[in-house]
């Protein structure tokens with residue numbers, strides 16, 4: 001259990017004081033949350049290292065700060081513990097931690113094996129190992145060569161993490177449509193729900209397109225914004241027409257507007273996010289003063305309180321990263337990446353189609369009270385998720401966090417306080433992600449037409 005495992009990090013006395021009113025929890029869930037807590041801890045440390053505000057406050061309020069920095073050999077003013085190079089080293093340690101566990105847990109199918117016990121326990125030892133690996137990266141010789149090489153590894157892993165999330169988004173859209181279409185064969189209410197949700201999704205996408213055209217363009221200038229908004233809007237219309245075309249419907253009866261509506265909304269979100277991340281354009285007004293154009297006027301007021309915007313935005317961003325890691329590491333998601341999907345005959349229509357009803361399964365599993373909390377051993381018959389894939393996704397997420405915190409390819413001037421000021425590298429990464437998402441969805445539609453002898457199932 002999660003509470004039990006946290007308490008065990010402090011010793012047996014803390015274990016016995018676990019709250020008895022804690023709700024029942026699955027062993028597989030608590031294990032994943034413990035690794036997620038380690039991930040959050042290192043991520044917070046990386047954000048602190050990129051903050052000039054925190055560094056200045058420490059210099060001001062910590063007595064003997066200069067002597068302490070010399071004592072730990074971090075430079076005269078602890079300059080080795082701040083900035084992008086420090087984040088690279090800490091994330092190197094975290095990435096190595098998850099990559100070693102990825103290698104260690106390959107082909108574990110039983111939770112009773114010795115390797116499975118190590119994966120599901122020994123939390124204090126793992127925390128010490130993680131701290132040692134993050135600290136040890138600061139003692140790697142030839143730091144310049146290491147940082148230059150690690151930067152390319154981080155960029156590759158970050159792009160791969162984005163690609164996996166885009167693939168799973170397309171799989172999510174197809175799964176949603178297939179599940180509700182299966183219900184429509186028995187009850188007409190599911191047809192109504194399909195039509196209603198599809199209408200809502202397209203309404204959101206069209207409204208977003210109109211608002212972006214209104215606030216991010218003007219009659220003169222803003223050519224980048226005009227072209228990209230028009231291009232992405234045209235792509236959404238194109239994939240929607242392809243999805244309902246007769247040739248696609250003949251090979252894929254489950255293809256429809258619901259999937260293209262989901263993709264269109266996500267494309268509009270990425271377009272908005274990219275435009276918000278683009279460096280501001282300035283021109284001279286009639287008084288020869290620089291004014292910012294091609295951005296909403298209200299956004300300029302929001303960015304004045306940089307600490308609030310940065311803190312809230314960073315929390316939401318890394319919350320989404322963590323959610324992506326936990327939801328994309330289920331066995332169904334890992335199988336989807338290999339092209340393995342559930343058949344239409346096994347689909348049971350439900351509103352929360354992502355959640356498999358497992359109330360009966362829980363009753364059959366062995367339960368035990370440890371430290372006052374009930375633990376459901378849901379992996380007694382076998383693992384419910386791929387351990388190796390779980391650690392591999394967190395390995396890629398570590399690289400993605402490293403690149404995101406250090407502004408990708410604008411690392412030398414990166415600061416956490418300037419996280420949302422916008423850079424060209426972040427702008428193009430989001431825009432290319434948008435086009436890759438459309439390309440992946442389009443391939444799932446036309447692949448059966450390009451390869452008629454091969455069996456496709458989505």
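Placement of Cβ uses the backbone N, Cα and C atoms for every residue, glycine included.
In TrEMBL, the transmembrane segment annotation falls on 152-172 of the listed ranges 5-25, 152-172. Annotated range for transmembrane segment in TrEMBL, selecting from 118-140, 279-301: 118-140. Across the candidate stretches 118-140, 152-172, 256-275, 387-409, 429-451, the maximum count of CB pairs under 8 A to the transmembrane segment (193-217) is reached by 256-275.
Ranked by the number of CB pairs under 8 Å to the transmembrane segment (429-451), the listed stretches 33-55, 118-140, 152-172, 256-275, 387-409 are led by 256-275. Stretch with the largest number of CB pairs closer than 8 A to the transmembrane segment (152-172), among 118-140, 256-275, 387-409: 387-409. Sequence-distant neighbours of the transmembrane segment (387-409) (same chain, 6+ residues past either end, Cβ-Cβ under 8 Å): 32, 35, 39, 42-43, 46-47, 50, 84, 87-88, 91-92, 94-95, 98-99, 101-103, 105-108, 116, 119, 153-158, 160-162, 164, 317-318, 321, 324-325, 328-329, 334, 416, 418-419, 423, 425-426, 429.
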